[in-house]
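For reference, the structure discussed in these notes is given below.
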Amino acid sequence: MRILKSLAELRRWRQQQSEVALVPTMGNLHDGHLQLVKTALERCDNVVVSIFVNPMQFGANEDLDSYPRTLEADCQALDALGVSAVFTPQVNDVYPRGLDKQTRIEVPGISDILCGASRPGHFTGVATIVCKLFNMVQPQLAVFGEKDYQQLQVIRLMVQDLSLPVEVLGTATQRETSGLAMSSRNGYLSTEQKHQAAELYKTLEETKAKLSVNTDFGELEAAAKEKLTQAGFVPDYFSIRNAADLQEATPEDHEWVILAAAFMGKTRLIDNLRVTNAAAK
């Protein structure tokens, strides 16, 4: 496995390859990330995993400085899976003119709702780094997790709007035995908080079951927020949306997605669950 620390190294390596799949990450890899890599390896012999904690997608009071960085352990895990290369650029290689002067990618209509409303500029940072990685690595395939469902849809729209020659593949959320979605930020939780945090997924499941008989979305959302509050969360949002474009749900939608973000202590957790509308024609 090659460890490519600069754009120049990456480009020299890339010239020697044919098809390549990319798995973009910020490191501190867990089993959810490794499942993305396994999915990519099923589709492509040459898999590149990028590890870059992207400062553009962090807000002023977020956890950029404290975000866990475990590069050595990450590389060992990726080498064991048979990854071809790991791309670990420095900030000045990715943003040579600095963040303030960097050209940015905006995906309108989807970037300023839900997580985008709570984290202004976040999805601009995500879209910009992913677009740059696509240009740097030039993959035919890129694999992302569905846990970050809004992020996945932002990237899909960006690829569509900019006519990028990349297939974007979403893979199912990997979960702990409790149902808690795997996340690097779970490491911030105490043992007790992890136990409490499992209520987030349980609330999503309960809401999914209720949707089969009740499409009063506002009522369901309010009940879910109350349940999360009683479980020790501070809810950010709990929203039922059209799964395709993340606009407000209607009873006629063929598929919904229930999205939630809530704080457990100081840790912000997100999760989602897709629901097929059996009544849709």
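Cβ from N, Cα, C; glycine included.
Predicted, not measured: the structure shown is a model, and the values here were computed from it.
Same-chain residues at least 6 positions away in sequence with a Cβ under 8 Å from that of ASN28 (ATP binding site) are, in sequence order, TYR67, PRO68, ARG69, THR70, ASP74, SER184, GLY187. Residues annotated as ATP binding site in Swiss-Prot, with sequence analysis given as evidence: 26-33, 145-148, 182-185.
Among the features that Swiss-Prot reports, active site, proton donor is placed at HIS33, with the record citing sequence analysis. According to DSSP, HIS33 (active site, proton donor) is assigned to a helical segment.
According to Swiss-Prot, the beta-alanine binding site annotation covers GLN57, on the basis of sequence analysis. In the three-state DSSP scheme, GLN57 (beta-alanine binding site) is classed as helix. Neighbours of GLN57 (beta-alanine binding site), defined as other CB atoms within 10 A of its CB across all chains, total 21.
Positions annotated as (R)-pantoate binding site by Swiss-Prot, on the basis of sequence analysis: GLN57, GLN151.
Nothing from the binding-site residues GLN57, LYS147, GLN151 places its Cα within 10 Å of the Cα belonging to HIS33 (active site, proton donor). Rounded to a whole number, the C-alpha distance linking LYS147 (ATP binding site) with GLN57 (beta-alanine binding site) is 17 angstrom.
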